């Protein structure tokens, strides 16, 4: 038991170095995401004939205005702001904490394709 505990304690320093390196990479990519995508994930397609703000899709996705690059809305819908964002507003780059969470989501490869195609 003492040998196992000594081995775990000796392994802690290299593991801490690796954890700090991963944290540094997450911070760098979060800053890049903030610069490129801040505020870009809060527009979605809404039905134009509807008096209320009804999203045009069952699972809304971010869209781009008419003359911008990105996902365009279909006929009868328009791209408007006011949507909380993907995953109920959790997946975005609007502040540093959510940007780090989104980068962590991509690094762990859990739901990263959704972020890629938004």
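Cβ atoms here come from the backbone N, Cα and C positions, even for glycine.
Your range for transmembrane segment, going by TrEMBL and the list 12-34, 35-57, is 12-34. Counting residue by residue with DSSP, the domain 'Ion transport' (1-117) contains 58 helix, 12 strand, 47 coil. Per-residue confidence over the domain 'Ion transport' (1-117) averages 84 (mean pLDDT, predicted model). The distance from the Cα of residue 75 (N-linked glycosylation site) to the Cα of residue 110 (Ca(2+) binding site) comes to 33 Å. Sequence-distant contacts of residue 110 (Ca(2+) binding site), defined as residues of its own chain at least six apart whose C-beta falls under 8 angstroms from its C-beta, are absent.
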